[in-house]
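Shown next, in structure tokens, is the structure this report addresses.
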Amino acid sequence: MLIEKLSPRVSGKHLSFPALLRLSLGYSGVPLQSPSPIPESRTSVSCFTKTGRYLMLLNSEITNFGRNGNLDEARMVFDQMPFRDVVSWTAMLTAYAGNGQVVKAREVFDEMPTRNTASWNAMISAYVHDLNLSEAFELFMRMPRKNVISYSAMITGFAKSRMLREAEDVYKRMPPSWRDPVASNALIYGYLRNGEVEEAARVFNAMVMKDVISWSSMVDGYCKNGRVFDAREMFEEMPVRNVVSWTAMIHGYVKVGMWVDGLMMFSRMRREGIMINSTTLAIVLDACAEFGRNSEGIQIHGLTVRMGFGSDIFLCNSIIAMYSRAGWMLAARTVFDNMRKKDVVSWNSLITGYVQHDDIEEANALFEEMPEKDAVTWTSMVVGFSKRGWIRESVRLFEAMPEKDDVAWTAMISCFAANGEYVRAFQLFQCMLQEGLRPNPLVLSSVLSALSGLAILQQGVQVHAFIVKMELEFDSSIQSSLVSMYAKCGSLIDAFRIFSNISELTIIAVNSMITGFAQHGLAKEALRVFKEAEANGCKPNHVTFLGILSACSCAGLVEEGYHYFKLMDSCYCIEPGPDHYTCMVDLLGRAGMLKEALDLINSMPFDPNAAIWGALLNAGKVHSDLNIAKLAAQRLFELDPGNATAYAVLSNMYSLAGMKDNEEELRITQRTRGLRKNPGYSWIALDK
């Protein structure tokens, strides 16, 4: 025997059992892998398994090895035991189950000579964790003596799998005196996860004993379903609140846009001395970023550092995102550079920030430096290059992506559509379908936009049918795109039919319909849509007024145009931009009010751009006002020396006025600069 081979100085009777296990293990040459290693020799084990004390120690060894994932060692101890009790079998079963080897756990369970409640519960819990609920329930029904753990395990399994009727059935089978918070909380969790708040409240109200988890779950459930006032009422009734309930309440306010209440709740949390965790701080930081509360965000950043969370990756990422949204890229970069450890989210947050604020060069430099990229990284740069109109670079990155998800396809299709590459956008969409990917609403909106640009009604109708088949026809973004597509393709009846069937009007849909009517010269219909949307509480934005002013311009409605132009600032606090002024100059110019148009330009709070002077030049041409045309053309030459159209218009006007010398001089200048007016073109749909 091994023990007999030891020297007298290390005789077994002078050693503790764990020490002898270690010595035996070392003697056999097995490397130490655990604080309590086990012996290789069956003989050495048998010396110490004759008493209950040593049996208990061996059972403990199996449990410890199982917890550390050392299943071979656990099995070796188990196999060498000459005598096993039910605890030994259960320990081996639990070791397998805890490491995801449910089949081997079941083999042990089936071999057990006798089973106790713990054995049954261990096997049931293993199946529940593996989401094999049919096997779990079969064992549950066979179990001779169930306890609270048995019922709670089944309820938890059914609840997590959204099998709420089955969970409720097990709950009702449970003796009422056993319905402790664990079982009830599991059922509440299931109902809340499925959005059935009233059912969760029913279980909650019937509970004899509620713990802080019960209360916090209900608060969180009400918040996630947008019922923050119910959540607040329950929050105030809580006998004891923990950081989870406070954080849930803050997050609930932020989620529905009540950021002031969320920040006030955070301040109250601090006043009451509740220990704040990183999740709470991250939610508050995200709220500051989302709602532009930059000063509060800086204060939270300082608090984060003072509380010792300055090196927390999760929080640092939130801070980078907050500064990036605010456009404070230097501050975001400083936080990034000072991070001792960065993850992929850290890199992506900063790259996305640079892209959002059009610093594509810096974003690309960071992209090249990034050690490991994911789909978000690649897609961000595709979007960045697209914003600059660098289609070739976007395509290069898209093709180089190791894996393309639906977001990447969406970005590339949107890139083509946004840069006028409508045919390529539609072709890539077809490739996406061939790859077996399900297009999301953003992809479909981009495809509809491309078909709008091509004015191809037939393909637009086909995509519409595809959308109906996918049951996405009621998506708000898709509805707006359909309205725009049908309007631009000349099918105003279909556009208005879809618009009229929208249950909840969005300003995007309203803008699409107004623009559609405006493009077809139907100003009165466009104004009617505006008034109806306004009456329904749909607040207009700068795009809305651009459509209205364009409609007034096309129809020559000067008074109405002036009215809505003034309404922008006086009623809706929308400051007119260059595009709005261009519409007004065009409106006045079409009506022959050239002096008023020039006065409007001179009164602008910013320097006129080329489009504004172009509108005035066109008005001078239409009404044969050479002085106005010459003034507008001179301004255009200064802003855009390569504008061949301006040279051509002014040259023709000189010719009509008999000013041959001026005409010839202008043509010489035009030829010297190599300017040539390209013929214009546009896509139209023709009936066959």
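Each Cβ is built from the backbone N, Cα and C atoms, and glycine gets one as well.
Heads up, TrEMBL stuff is auto-annotated, nobody curated it.
Cβ atoms under 8 Å from those of the repeat 'PPR' (85-119) belong to residues 55-56, 58-59, 62-63, 65-67, 69, 71, 74-75, 78, 125-127, 129-130, 132, 143, 145-147, 149-150 of the same chain, restricted to positions at least 6 beyond its ends. Per TrEMBL, the feature repeat 'PPR' maps to 85-119 (among others).
Residues or ranges marked as repeat 'PPR' in TrEMBL: 147-181 (among others). Beyond the repeat 'PPR' (147-181), the same-chain residues lying 6 or more positions past its ends with a Cβ under 8 Å from any Cβ of the stretch are 117, 120-121, 124-125, 127-128, 131, 133, 136-137, 140, 187, 189-191, 193-194, 196, 199, 203, 207-211, 213-214.
Residues or ranges marked as repeat 'PPR' by TrEMBL: 211-245 (among others). For the repeat 'PPR' (211-245), DSSP puts the residue distribution at 26 helix, 0 strand, 9 coil.
TrEMBL lists 312-342 (among others) with the feature repeat 'PPR'. Remote same-chain residues near the repeat 'PPR' (312-342) are listed as 278, 281-282, 285-286, 288-290, 292, 294, 297, 301, 304, 349-350, 352-354, 356-357, 359, 362 (criterion: CB distance under 8 Å, separation of at least six residues from the stretch ends).
Residues of the same chain lying 6 or more positions beyond the ends of the repeat 'PPR' (343-377) and with a Cβ under 8 Å from any Cβ of it are 313, 316-317, 320-321, 323-325, 327, 329, 332-333, 336, 383-385, 387-388, 390, 401, 403-405, 407-408. Taken from TrEMBL, the feature repeat 'PPR' covers 343-377 (among others).
As annotated by TrEMBL, repeat 'PPR' applies to 405-439 (among others). Residues of the same chain lying 6 or more positions beyond the ends of the repeat 'PPR' (405-439) and with a Cβ under 8 Å from any Cβ of it are 375-376, 378-379, 382-383, 385-386, 389, 391, 394-395, 398, 446-447, 449-451, 453-454, 459, 470.
Beyond its flanks by at least six residues, the repeat 'PPR' (506-540) meets 476-477, 479-481, 483-484, 486-488, 490, 492, 495-496, 499, 547-548, 550-552, 554-555, 557, 560, 572, 574 of its own chain at Cβ-Cβ distances under 8 Å. The annotation repeat 'PPR' is assigned in TrEMBL to 506-540 (among others).
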